[in-house]
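Below: one structure, written as structure tokens.
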Amino acid sequence: MGSLWSEGHSSSILCVGGSPGPEGLIASGAEGGEVTLWTQEGAVVRRLVLPGQDDVTSAAFSPAGAAHLYLSHGDTVSVFDTRNLKGPAEEFQGAGEEEINALALNETGSAVALADDSGAVRILEIPGGKVCRTLRRHTNICSSVAFRPHRPNNLVSVGLDMQVILWGLQKTRPLWTLNLQDVAEEEDDHQQRPGQLFNPPLAHCVSVSSCGNVVGCGAEDGRVHLMRIGGGSKLEQQGAVKAHTQGASQAHFLSAFSHPYWMVTGGNDGHVALWDLSKHPVVAPEGKTGKSQATAPQRRKGKSGGKRREQAQEKSKAEREEAGEDDEAAAKEQEEEKSGPKLSISHGEKVNWLYPAVLKGEVSVIVADQSPNLTVYPLSQL
């Protein structure tokens with residue numbers, strides 16, 4: 001089903017990015033400073049090794065200039081003009097306080113956001129690479145960042161502290177913070193079966209839908225956590241999709257389909273999945289009932305002779321409620337099966353990176369794993 005792009009690297013590929021346009025190039029970065037440019041058919045255009053040979057952790061083309069490729073390696077961001085690859089056009093050394101894990105450009109290409117091991121998020125002005133903002137709130141590694149479309153002053157960051165933060169860049173402060181551990185514990189209290197174990201929801205990858213109002217975050221608990229942003233950039237609702245049996249390392253919205261709520265995910269379980277989230281309660285709350293809140297049974301103060309009857313009635317009610325909860329859980333499981341992935345691919349290798357792309361007019365996903373090769377799966381049969 002998938003096609004293999006090979007002979008571009010000698011080590012594990014860590015990131016993939018694409019240039020906009022029908023003939024846009026694909027760039028991949030790997031361990032040891034390796035960078036490769038590919039055609040849309042998977043032919044190698046050029047290979048290079050960055051000085052210092054630090055792992056290339058993120059690759060992104062500028063929306064403002066299709067030839068400008070941004071690469072993070074170590075604490076440095078290098079900018080290449082793909083028409084002349086003899087050396088970087090610009091290099092921002094020390095752009096990150098520590099090793100950079102991910103970078104993202106805003107819609108105009110005038111700013112780059114960096115997530116690094118110190119937990120800091122830095123904003124660089126383009127051109128020049130001057131640090132104009134440093135955002136500190138994560139207490140562990142910051143793993144991923146994404147600008148919010150149509151909201152140039154909004155940025156989302158996630159980290160291994162299990163926090164999702166929406167930043168207002170004008171005042172350099174969080175507009176809201178969501179702790180995924182608190183959310184997961186609350187859900188597991190209602191849903192967890194005896195003997196069931198979950199990994200903590202360390203946040204690995206964040207993406208924002210093209211309309212700008214839904215955030216998706218792949219986490220170590222195998223879920224993709226969803227958040228809907230309402231008016232005034234407030235957090236309106238949150239929920240999750242149980243996407244993978246192991247950590248969900250990648251989650252990306254696609255903009256090439258019928259609506260902005262298609263998402264492709266990849267996990268440590270070696271699976272790649274395509275989801276239609278348009279009917280998920282977080283995305284489309286209209287007509288959906290919220291979580292039912294169980295109310296405590298009202299106790300009447302009666303004479304001692306009536307207490308035994310009252311206790312028996314309460315016991316019977318508790319048993320009925322418990323049976324009802326089991327029925328509700330079973331119905332929820334059936335609903336989850338119906339709302340499962342529209343396409344599930346057993347890739348077989350732990351997923352390092354996913355990049356949704358339109359290659360020669362066909363909607364596809366490019367998968368990087370532990371190998372030195374890329375795999376391309378077509379999605380357009382949907």
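Placed from the backbone N, Cα and C atoms, the Cβ positions cover glycine too.
Database features, via TrEMBL:
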type     : residues : note
COMPBIAS : 307-321  : compositional bias 'Basic and acidic residues'
COMPBIAS : 329-340  : compositional bias 'Basic and acidic residues'
REGION   : 284-346  : region 'Disordered'
REPEAT   : 135-177  : repeat 'WD'
REPEAT   : 263-285  : repeat 'WD'
Outside the repeat 'WD' (263-285), six or more residues from its ends: residues with CB under 8 Å to it: 207, 214, 216, 218, 222, 224, 226-228, 236-239, 241, 243-254, 339, 341-351, 353-354, 356, 365, 367, 377, 379, 382
Residues of the repeat 'WD' (135-177) by DSSP state, where helix covers H, G and I: 0 helix, 24 strand, 19 coil
